[in-house]
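**Student:** Structure provided below as structure tokens; questions to follow.
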Amino acid sequence: RPAGGEVFIKLHCPPALPPPLALLCLLLICHLLVWAAMDSCYDEEGTPSRCMPKFENVAFNRTVVASNVCGSPPEEYCMQTGSTRSCHQCDAADPERSHNASLLTDFHRNEESTWWQSQSMYFGIQHPNSVNITLHLGKAFEITYVRLKFYTSRPESFAIYKRTQEDGPWLPYQYYSASCKKTYGKHMNAYIRPGDEERTALCTDEFSDISPLTGGNVAFSTLEGRPSAYNFDQSLGLQEWVTATDLLISLDRLNTFGDEFFKDPKVLRSYFYAISDFSVGGRCKCNGHASECSEGEQGRLPCVCQHHTAGDRDVTLFTRQTLGQGHRDSANECLICNCSGRSDQCVFDAEQYRSTGSGGRCLSCRDNADGPHCERCRENHYRSSIDEPCLPCNCNINGSVSLQCDAEGRCPCRAGVTGEKCDKCGPGFHSLGPAGCRPCECDPSGSVGDCSPSDGGCHCKANVEGQSCSRCKPGFYNLREVNPEGCQACFCFGHSLACSSSSHHVIANITSDFGEDQDGWLGEFFGGKTFPLLWKEGEVYLLPLTEDDIGFYKAPEKFLGHQAYSYGQLLTITFTSETTELLPNNVTLLLQGSGTTLTADLSPQPLFNRDPGLTPQQSFMIRLHEQEERFKPSLSTFDFQYFLYNMTDLQISNAGGRNYTSQLASVTLTSAAISADLSGPRAPWVESCSCPPGFAGQFCEQCAPGFTRQDPGRGPLSPCVPCDCHQHGTCHQETGVCECSSFTAGKACERCLEGYYGNALIGTPGDCQPCPCPDQSSCARIAPTGQVVC
């Protein structure tokens, strides 16, 4: 230290160093000199100047990941020491015998080496199986050299790879091999000429000999042999070439003496990869705008940025000048510009400066922002507040009036389109396309809910079909919206599945309102005893016979018989009383027909807004249909309609009870009647059957002329079969008895009348002839001769 206070350091390399280490020594001295001159980002006057973090072994104590480590399970290995071998144990569970990857970058002395070691050739470690060693640096570094010190002989073939960004592709840095062409497809000991692509990995056989058996070094300089290295500041390609976030050593082929061919286990256990030191010379990449990197989260080393720069790799927040890496002639510092916190880049825009006074125009706005200062959202984006990022509107192009949404992200939808993004059809619409959504074309009488929003397909009720659910399935008719199944089944006494709503019937109610008399109603008690009802205008009531036999109201003939026209219609029963409290809470209904008895317990219908000044009334309603769950027992559709074809009894329980506290006020059964002029509402529930041959009538309940019942005992349920009268007449449509002609007789006209002879079974008009006898007495024909004998 002279009197002036300067400090002089003498740096030199020992002359006996081998060439690789001598080169590393010179590079290290150069970097130390550069660092000494660039440890501050500002000069004594505060002017920005280029600065760099210190040069160091960036691999020291960093985590290394090896794809293969010996010792799990414990194994024996043998060291090659010339003509002898010494064998030892590798045990991952024993710290004294473990050789894990952390020993690659730890601190050690030559006389007390530690090393990482792979499994041996005994376990299949040899080409084409590779062993990879990966060093994660945690950020971008500018790499000067990579040095490996092998504990065993150096590999015959290995390669160094790098990545310039995390999760990026692995790029080759350097190949080492005595078989470059065969192993890596590269020419051996090639070099780069001026003008060639300098970011090219070369292959050399310099370090591929089996000797030395231990302690061999390999040093790779990233800039050696690159023509532009002398103009590094101006070479963007080499600046990118020396940049790495991760390094990978791929150990591809072991060096051997060839004795592994005999498969001696001790020989195989003597060949393995082992490295005692893995060092990397470099500095944090800070683009000339930081003099140090600090320890950050998760072991990262962010630059302590200066010159108004920021970023993990010191990508600056641009201002009015274009960012460049700091170099010896200019620090290339940044000026602050306003990008609303949504960009790290801006340029000076002269036109903008002249018009607004602010020349900083931001580039590559984040968060989908736009504008000179990233102050607004890009087109077709939105945000609910200025502090939030802009999000894509994502308006559906087919369903939206405009692709620009509001501040809440809601898009303006076309008619029939719904959803925040106008991406689906609303109720009653389908098939979103360039013209928006199309209206559903489903018949509301035959469909359930809305059509499918994707293709417009309608959801038909059980007995309905068709694209728009507008027609009944075969065997069904009377499509109605109130019918949960859409259409009712054809009855036709089981003889036809083709029917339709009658075009000749109108609604005609069967009603008893007791305005003039009892209207034929009686009281019936146990044992079938009947008594007249007591009547006063508008009501009848029944006195109980005994305390246990309070009786039933028995309907007159107009409510009985053929009631098929009332299928599916309402029967309404109304009781009255002096006070609301005396009105009945339940009524029992009894129906008989076609040999079947049905009962139903009825509850009253709720009354809404009834005038309190009127006489209190309570109505009970039930629909004459097989799906009416109150009917016991339940019947099939066919059996219920057959039941109504001949209803023999209708009785209503005496709801007034022992004290006759309530009276029967009215009974109404909805039905239908034939109308020539169709005056009045149509009765579409009445069917008209298309009968097959042999059947006739509205319900195919009759046999056509020339046909009779196959089983007369079943009545209209029996099939109709052709009459068998041997062509001598027609038969009765119900009994099958023939009305004979042509002098024939018998149930089937199978014989001739008395006084006639012949064979009536032939079926011709002349089958029977008069007997040629006096007084028309009987005769017979003798078969062999054909002679007629009286």
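Glycine too: its Cβ is placed from the backbone N, Cα and C atoms.
A quick note: this is a predicted structure, and the numbers were derived from the prediction, not measured.
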**Student:** Say which of Cys460, Cys472 is recorded by TrEMBL as the disulfide partner for Cys469.
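**Tutor:** Between Cys469 and the options Cys460, Cys472, TrEMBL records the bond with Cys460.
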**Student:** Of the residues Cys731, Cys740, which one does TrEMBL pair with Cys749 through a disulfide?
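**Tutor:** Partner cysteine, according to TrEMBL: Cys740.
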**Student:** Which one, Cys405, Cys422, is listed by TrEMBL as the other cysteine in the disulfide with Cys413?
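**Tutor:** Out of the candidates Cys405, Cys422, the one TrEMBL links to Cys413 is Cys422.
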**Student:** Over the domain 'Laminin IV type A' (516-688), what does the predicted model average in pLDDT?
**Tutor:** 89
**Student:** For the disulfide-bonded residues Cys405, Cys469, Cys740, Cys749, which Cβ has the most other Cβ atoms within 10 Å, all shown protein chains included?
**Tutor:** Cys749
**Student:** Going by DSSP, how much of the domain 'Laminin EGF-like' (723-770) is helix, how much is strand and how much is coil, in residues?
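**Tutor:** Across the domain 'Laminin EGF-like' (723-770), DSSP assigns the residues as follows: 3 helix, 16 strand, 29 coil.
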**Student:** Using only C-alpha positions, which one of Cys393, Cys405, Cys413 is spatially nearest Cys749 (disulfide bond)? These are the disulfide-bonded residues in the record.
**Tutor:** Cys413
**Student:** Near Cys460 (disulfide bond), which residues of its chain come within a Cβ-Cβ distance under 8 Å, counting only those 6 or more away in sequence?
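**Tutor:** Cys460 (disulfide bond) has long-range Cβ partners Gly446, Ser447, Val448, Gly466, Cys469, Gly486.
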**Student:** List the residues of the same chain that sit at least 6 positions away from Cys413 (disulfide bond) in sequence and have their Cβ under 8 Å from its Cβ, in sequence order, or write 'none'.
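**Tutor:** Correct list: Gly399, Ser400, Val401, Gly419, Cys422.
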**Student:** What's the number of neighbouring CB atoms sitting within 10 A of the CB on Cys393 (disulfide bond)?
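**Tutor:** A 10 Å sphere around the Cβ of Cys393 (disulfide bond) contains 25 other Cβ atoms.
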